[in-house]
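Peer 1: Below are the features I grabbed from Swiss-Prot:
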type    : residues               : note
BINDING : C49, C52, C57, C74     : [4Fe-4S] cluster 1 binding site
BINDING : C117, C120, C123, C157 : [4Fe-4S] cluster 2 binding site
BINDING : C127, C147, C150, C153 : [4Fe-4S] cluster 3 binding site
DOMAIN  : 32-91                  : domain '4Fe-4S'
DOMAIN  : 108-137                : domain '4Fe-4S ferredoxin-type 1'
DOMAIN  : 138-167                : domain '4Fe-4S ferredoxin-type 2'
REGION  : 1-26                   : region 'Hydrophobic'
Amino acid sequence: MSTIWIAIAALSALALAFGLVLGYASRRFEVENDPIVEEVEAMLPQSQCGQCGYPGCRPYAEAVALNGENINKCGPGGEAMMLKLAEKLNVDPQPLEGDADVQAPARQVAWIDESNCIGCTKCIQACPVDAIIGSTKAVHTVVSDLCTGCDLCVAPCPTDCIELRPIAPTPANWKWDLDTIPVRVIQVERHA
């Protein structure tokens, strides 16, 4: 019985010693991160889709914060996220595609033709934001509120039953073209 207690005490002392050494090493060799990079990364949608030309949201955040990369390359974040980045970094807002003459594309979401879906789950595995629900050998469907339109689920589908479709306009996502609305000032005559 005493050998068990000796073994427990020895392992506990060893664990304590390793814990102290690792704790000291983590404090001593800590790498300082740029807080601006952390804030920019927190603002990005974290879909890791690669539409910006970088392998994920962290490298894009580093390029924006440290190298002055354009803030208009994140497709899933859209115009709202670009405006937040512009305000945070004190830069001028940029058109989403980088060209003022090009109209920003309508937001699209994945759509699954459920009559052709074989339930292989390849699209579920490819989706970085878990916007596709379903199980093996069952029909899958897309939760359009979660879908970022990154297009990563389309290629793995063996039956080509997934396509991107534009979102139908609703009062929540409608963009008013304020330039075409005529504004007239009507003079009011006051009678005494």
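Cβ atoms here come from the backbone N, Cα and C positions, even for glycine.
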Peer 1: Would you mind listing the long-range same-chain contacts of the domain '4Fe-4S ferredoxin-type 1' (108-137), meaning Cβ under 8 Å and 6+ residues beyond its ends?
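Peer 2: Sequence-distant neighbours of the domain '4Fe-4S ferredoxin-type 1' (108-137): 45, 47-49, 143-144, 146-167.
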Peer 1: Near C74 ([4Fe-4S] cluster 1 binding site) in space, meaning Cα within 10 angstroms, which of the binding-site residues do we find among C147, C153, C157?
Peer 2: none
Peer 1: Looking only at C52, C120, C127, the binding-site residues on record, which one has the least crowded Cβ, with the fewest other Cβ atoms within 10 Å?
Peer 2: C120
Peer 1: Write out how many residues of the region 'Hydrophobic' (1-26) are helix, how many strand and how many coil, based on DSSP.
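Peer 2: Result for the region 'Hydrophobic' (1-26), in helix, strand, coil order: 25 helix, 0 strand, 1 coil.
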Peer 1: Which one is it, among the binding-site residues C49, C52, C57, C117, C157, that lies nearest to C127 ([4Fe-4S] cluster 3 binding site) by Cα separation?
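Peer 2: Closest by Cα: C49.
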Peer 1: Beyond C117, C120, C123, C157, what residues of that chain have CB atoms within 8 A of the centre of the [4Fe-4S] cluster 2 site's CB atoms?
Peer 2: I112, I118, G119, T121, K122, I124, H140, C153, P156, P158, T159, C161, I162
Peer 1: Where DSSP helix means H, G or I and strand means E or B, what are the helix, strand and coil counts for the domain '4Fe-4S ferredoxin-type 2' (138-167)?
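Peer 2: The counts are 0 helix, 7 strand, 23 coil.
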Peer 1: Going by C-alpha positions, which of the binding-site residues (C117, C120, C123, C147, C150) is nearest C52 ([4Fe-4S] cluster 1 binding site)?
Peer 2: C150
Peer 1: Sort the binding-site residues C49, C117, C120, C157 by C-alpha distance from C150 ([4Fe-4S] cluster 3 binding site) and give me just the closest.
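Peer 2: Looking at Cα distances from C150 ([4Fe-4S] cluster 3 binding site), the smallest one goes to C49.
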Peer 1: Out of C49, C147, C153, the binding-site residues in the record, which is closest to C120 ([4Fe-4S] cluster 2 binding site) when you go by Cα distance?
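Peer 2: Minimum Cα distance from C120 ([4Fe-4S] cluster 2 binding site) across C49, C147, C153 lands on C153.
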Peer 1: List the Cα distance (Å, whole number) between C117 ([4Fe-4S] cluster 2 binding site) and C153 ([4Fe-4S] cluster 3 binding site).
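Peer 2: It is 13 Å, counting Cα to Cα.
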Peer 1: Within the domain '4Fe-4S' (32-91), how many residues are helix, strand or coil going by DSSP?
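Peer 2: Its residues divide into 32 helix, 0 strand, 28 coil.
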Peer 1: Can you tell me the CA-to-CA distance separating C157 ([4Fe-4S] cluster 2 binding site) and C57 ([4Fe-4S] cluster 1 binding site), as a whole number of Å?
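Peer 2: So the Cα of C57 ([4Fe-4S] cluster 1 binding site) lies 25 Å away from that of C157 ([4Fe-4S] cluster 2 binding site).
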Peer 1: What is the separation, in Å, between the Cα atoms of C57 ([4Fe-4S] cluster 1 binding site) and C147 ([4Fe-4S] cluster 3 binding site)?
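Peer 2: Checking the Cα atoms of C57 ([4Fe-4S] cluster 1 binding site) and C147 ([4Fe-4S] cluster 3 binding site) gives a distance of 17 Å.
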